[in-house]
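Following: one structure in C-alpha cells, then a few remarks.
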There are 2 protein chains.
Amino acid sequence: MIELSSAPASTASPASPRSAEGKMLPGHAFEIGRDKPLKLDCGVELAPVTIAYQTYGTLNADRSNAVLVCHALTGDQFCAETHPITGKDGWWDSMIGPGRPVDPADYFIISTNVLGGCMGTTGPASINPDTGKPYGLGLPIITIGDMVRAQARLIDHLGIETLFCVIGGSMGAMQVLEWASSYPDRVFCAVPIAGAARHSAQNIAFHEVGRQAVMADPDWRGGDYAGQKVKPVRGLAVARMAAHITYLSEPALHRKFGRNLQDRAAVTYGFDADFQVESYLRYQGSSFVDRFDANSYLYLTRAMDYFDLAAEHGGVLGNAFKGTKTRFCLVSFTSDWLFPTPETREVVHALNAVAANVSFCEIESDKGHDAFLLDEPEMFAVLGGFLKGCAEHRGLRK
Amino acid sequence: MIELSSAPASTASPASPRSAEGKMLPGHAFEIGRDKPLKLDCGVELAPVTIAYQTYGTLNADRSNAVLVCHALTGDQFCAETHPITGKDGWWDSMIGPGRPVDPADYFIISTNVLGGCMGTTGPASINPDTGKPYGLGLPIITIGDMVRAQARLIDHLGIETLFCVIGGSMGAMQVLEWASSYPDRVFCAVPIAGAARHSAQNIAFHEVGRQAVMADPDWRGGDYAGQKVKPVRGLAVARMAAHITYLSEPALHRKFGRNLQDRAAVTYGFDADFQVESYLRYQGSSFVDRFDANSYLYLTRAMDYFDLAAEHGGVLGNAFKGTKTRFCLVSFTSDWLFPTPETREVVHALNAVAANVSFCEIESDKGHDAFLLDEPEMFAVLGGFLKGCAEHRGLRK
C-alpha cells in the first residue's frame, strides 16, 4: 500500500475529477481557464481544459524531487493505487511504491490523465461548455505535443521548475521524448520505455483497424453516442481484442494458452470460445468497454499515429535533442514487436549524435510489449540504478 | 495466357458452378450425391456436396501428371486465370503457367474451391436442399481434413490414383500436409509453403478477432443475413483489414508506405485516411466484401484454428507421416510472422524423424506471409528444380 499524499495547498482544485461516465474520482483536478487557453498543434485554442491528476509522496522544499509518470494508450492517472472503477491494482504498482524504483518516500510522483483521455481530463466525452453537450468528434484532434503542453501547464501550476524525471512506456514513452525535446531545461532525467520517436506504418495500420471497428458499430452514431444514450461496445471490444494481441508475443501466448481448450475435453465444432485464448480475448474486449470511452480511443490512437519527432525537427531526430543536458535511460524488450528494439535504438543513435548522456538497455523477455507493465526484475534493477545515480547528481541523495 | 483445357469427358458436370451470389462461374462442378455422403470430422454426413474446380493442361495417358493446387483462406479455384468476379489476375499466376514451375504444358493442374468456400463449392452461402434456404450457420463445421476428403472424392471421380503433386501455401499448406498424411500413397510429392502443422495461439487469436468483427455487425443477423437481404460488410471489412496486416511485414509496410501521406501536404487533424497505409487498408477491406462471403470467412478461419496434425496422431507429429514415400519440399520466408520458419521447421523435424525424403528452404524475403503469392525468384528456382527432379523420378520427363 502506498500512502497517498494530499496535494499541496496551492494545487487544491475547485472540484474532484469525474470519469467519462460522470463518476467522481479520487485525486485532483487542475483547470486551464479561458483567460489562458491551451494552444493545440492543430491551431485551435482550447479552454477550459481540466487536467485530472494524482500524486504520491511529498514535494521537497527545493521542489526538485518531482517525477512525472506518463501513461500509455489505455492507462490513466491511477498508476499506483487501486483503480476507482475496475478495483484492480494500479497499472504500475510494480514500478511505483515503497521499495520500488520510483519510491514515494523519495519522490513527489505526479501522474496525469492525458488530454483526450476519459478519466477526468478533458476529452471527447467531456461536456463542451459552449454547447452543454459532450464534445464527441467536436473536440479538436489532440497530439502528443498537446498532451505534454497541458502537463507543463500543470507543472507550472504546481510551482515546479524542473522535473527530476519524466518516465513512461509506450505512448508514455512518446510523451517522455516530447518532454525532453520541448522542455529540455525542465527534465533532469528521462526514461522512455518500449517506445519510439515515431509511429510505424504497421502500428498506424493496427490503430486504423481499431478505429474502423469502432466506427463500424452503428451505435457509434458518428461519435454522438453519448447524446443518443447508446455505446459502441461491440466495435470497441473488437478494437481492444485486436490491439491486445499486439501487446503480447507469440511465445507468451503459446506459453500461457497454447491450443488449450476451455473447460472441455474436445472441440465443439462450433463458434463458441473453444480455445482458452479466445475466451481470454473476449474477456479483454468486454471488460475494456466498461472502463474506456470509444471516442477517447479514437483520439489517443490518432495522437500516437501523428507522433513523429524527427519530422517536427527538419527530418533529423538528433535536432529534437540538440544541446540537451537531460540524462536518458532507454529500455526495450526483445519480444516487443509493436515497439521493437530498433525503434528505441534509433532514438539512442540520435541522442548519441548530439552527445547526450544516454544509457540503453534491451531486456530479454518473452512477454512482448506489455513487459513494461509486468514484473521484469532486470528492468527494475536497471531503472533503480539509473534513478539512484541521477538522484545523487541532483542532490536528492547524499 | 494459359490455355484452358476442357475437362475430360468423364468429368462433365450437370451444371456450371455458381458463386455465393448466384453468378455463373467458369470451370467445372462435381457433385457428391446423397447415395455416398461426405463424412465430416464433426460426425455429420453431408450430401449433396458440390465441388467447384478448374483445370489447366491435359491429363496424360498414365494419369500420372496431375497437380492439385490448394488455395489459402480467401483464395479459390481461379489460380491461373483472370478472376471471373474481380477481373484480377489469377492468384498464383506467378507459379502456374507457361515457363512457370507448374507448367500446364507438363501437368494436368486441378484447383478446387475448398469445402466451406464461396466460389461454387458447398459452403454456408449454398442452398440447403432440405430447407430451400442458405445453410448459414446450419452448415456443419468444416475441417482441413474434410476439405481434403472432399478433394479426394473429386480425384477419385477424375480417375486419378496418385497425384503427382499437391501444392499450396498457408491454409493450402495445411491441406497439403493433410493430403500427405491421410493419403500417403496418392501423393508422389508434396509442397507445403508458408504453413504449419497446427495453428498457433496467436493465429487463433487473430482469427477470433476477425470472427468477432463479423459477428458484431448487426447485419450479420446470427448468420442469416442472406435470408434477410443484408450483408455484414462493415464487420467483414474490419476482419479483412486486421488479417491483411498479418499477411505483410513491418519492413514491407515501411518500404511500401512508411508514414507517407495520402494526396496531401500535411496531416488534416482528423479521422480521414491521412496516411497511405490507412487508405490502402480501407481499400483492402471494402474490396474484399465484394468477393467473399462473411459466413465462409467464419467457417474457413475455424477450419484453420482446428488444424493440429500432431493431435490427430497421438500428439506425435512424426506419426502423421510414418512410412511415407512422398517427397516433400517445404518453403518458409524469413519475414513471415504469421507462419514463421520454426513452424515449418517443426514439420521438417517430424519428417526427418520418420526418415522421409524431405527438402526445406527458408527464403530471404521482406514481404511477409504474402511472399508465397508474389514474385519470389528463389522460391520459383527451388520449386522448379524440385518438381523437375520429381518429374524425372515419376517418369514424366526423360
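One is the number of the first residue shown, and numbering goes on along the chain from there.
Placement of Cβ uses the backbone N, Cα and C atoms for every residue, glycine included.
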Region 'Disordered' range according to TrEMBL, out of B:1-23, B:70-92, B:323-345: B:1-23
Average model confidence [pLDDT] within the domain 'AB hydrolase-1' (B:65-374): 97
When distances run from the Cα of B:His369 (active site) to each of the recorded positions B:Ser170, B:Arg240, B:Asp336, the nearest one: B:Asp336
Between B:Arg240 (substrate binding site) and B:Ser170 (active site, nucleophile), the C-alpha gap once rounded to whole angstrom: 16
Rounded distance in angstrom between the Cα atoms of B:Ser170 (active site, nucleophile) and B:Asp370 (substrate binding site): 9
Pairwise CA distance, B:Asp370 (substrate binding site) versus B:Asp336 (active site), rounded so that it is a whole Å: 8
Assigned conformation of B:Ser170 (active site, nucleophile) - DSSP reduced to three states: coil
Helix, strand or coil at B:Asp336 (active site) [DSSP, three-state]: coil
